[in-house]
Structures are given as structure tokens and as C-alpha cells.
Amino acid sequence: MASSSSFLVLAALLALVSWQATASDPSPLQDFCVADMNSPVRVNGFVCKNPMEVNADDFFKAANLDKPSMPNKVGSNVTLINVMQIAGLNTLGISIARIDYAPLGQNPPHTHPRATEILTVLEGTLYVGFVTSNQPAPNKNKFFSKVLNKGDVFVFPVGLIHFQFNPNPHQPAVAIAALSSQNPGAITIANAVFGSDPPISDDVLAKAFQVEKNTIDYLQAQFWENNHY
């Protein structure tokens, strides 16, 4: 009987440890931990503001997410609301974004290193997809894609390269995305590879992409637009 009890306790502890290991953000240990942006203390996230000084404005932002944003060179604009805009999101493991797409605009291939994303189309049509990691065949770099219409929902797993594209040459599109981190981060692949500061050696990139160095030099000379605001 004692052995059985010990086994159950061990199993419970292992479950708790594994759950914490797979969680995107640390779970809160109190009702809220409003970020104190002025604290000199540096932690993974932000230290808590004195709860006696917290008010409703710490959980609020007049974000105007009902209004379209002007798309840029790539034809899209991402308006992200994370812990930097709403301090009350600290430790809550969630953020939201509105994405506006011009006709034929796209949210280029990118990743969120700290978050899974669930996307809902509010207006228009989107062609979306993601690519799996360098795992063993047959799933190595497998591409999953779907055409979404108004009201459709699609999930992009944490850390995987994904994109959205508006295939309509005449009508814009709008989507809302929820992300499983207070600060999901975004790495746009082309920007990171060809627009880094300082630049990655063209010898390295020419070898990696199996192209001539002058092709890499041309790409590095371009202005790589940031569509995340």
C-alpha cells in the first residue's frame, strides 16, 4: 500500500514538472502581477507592481483594434498588444494582435519563438501555412496549408515558420490572432537572414542557399520592412 502511494506521489510530481517544462510562460502564483516597468530589478518577465497601487487602467488600453492600419511594403500591418502595452498581462501568458492585409498583401514567413498562435479571419480570404522542423522523415519540413474564409480559425504551433497571404487582388483582409505568451516575439525570416545588423557574411549565406555571392549581396542591399508594430 505504501509503495502504491509513493508511486502516485512520484507520478504526480513528474506530471507537475513536465507541465511546467512545456508551459510557454510561467504560471501566476497570485491573482495578478502587473508589470512594474520602472523597477531596476531584472527578471524573466517583469517584477510585480505593488498591488495596492494597481488600478483598472493597468488592465486596459484604448487600442483601436476596430480600425484598420495602413499596410506597408509587404502589404500587411501587425498591431500587437502584449505586456509592453498592457502591464496587467505580466505572467498571464497571453497577447493579441490585429493583422491588416492589403490586396495581395502578406504577413511574410516568420516565427514566434515563445508562443503558439490561433488566427481568426474577420474579413476576406487568407492563404496560410506552416512548415515543420528538421525532424526525421516523413515529417521533415512538411508543409501544412489552408485557404481560410471569414470566420475560419487556424493554429500555428509554437516556434514553427508560418505565413499568411491575401490572394484577392481587389479586397483587403483582416484577422485577429491570440498568442500564448505575454511577449511572443517575432522573427521574420528574410529580415533576420538578409537584414541583420551587422550583416551575416555573404560567404556563409551563399553556401547556405547554394547561390552566387552577388545574389546574396543584392538581397542584403534591400530595405527589409518590419510589419510588426
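Numbering starts at 1 and runs along the chain as it is shown here.
Each residue, glycine too, has its Cβ placed from N, Cα and C.
For 1-23, the entry in TrEMBL reads signal peptide.
The disulfide bond annotation in TrEMBL covers CYS33-CYS48. A simple way to gauge crowding: the CB of CYS33 (disulfide bond) has 22 other CB atoms within 10 angstroms, across all the protein chains here.
Sequence annotations record features per position, and here TrEMBL assigns domain 'Cupin type-1' to 63-217.
Cβ neighbours within 10 Å of GLU117 (oxalate binding site), excluding its own Cβ and spanning all shown chains: 22. The oxalate binding site feature in TrEMBL is assigned to ASN107, HIS112, GLU117.
Per TrEMBL, the feature Mn(2+) binding site maps to HIS110, HIS112, GLU117, HIS162. Within 10 Å of the C-beta of HIS112 (oxalate binding site) we count 24 further C-beta atoms, all protein chains included.
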Neighbours of ASN107, HIS112, GLU117 excl. site residues, C-beta within 8 Å of centre, oxalate
ALA97, HIS110, THR111, ALA115, LEU119, PHE156, HIS162, ALA177, LEU179, PRO184, ALA186
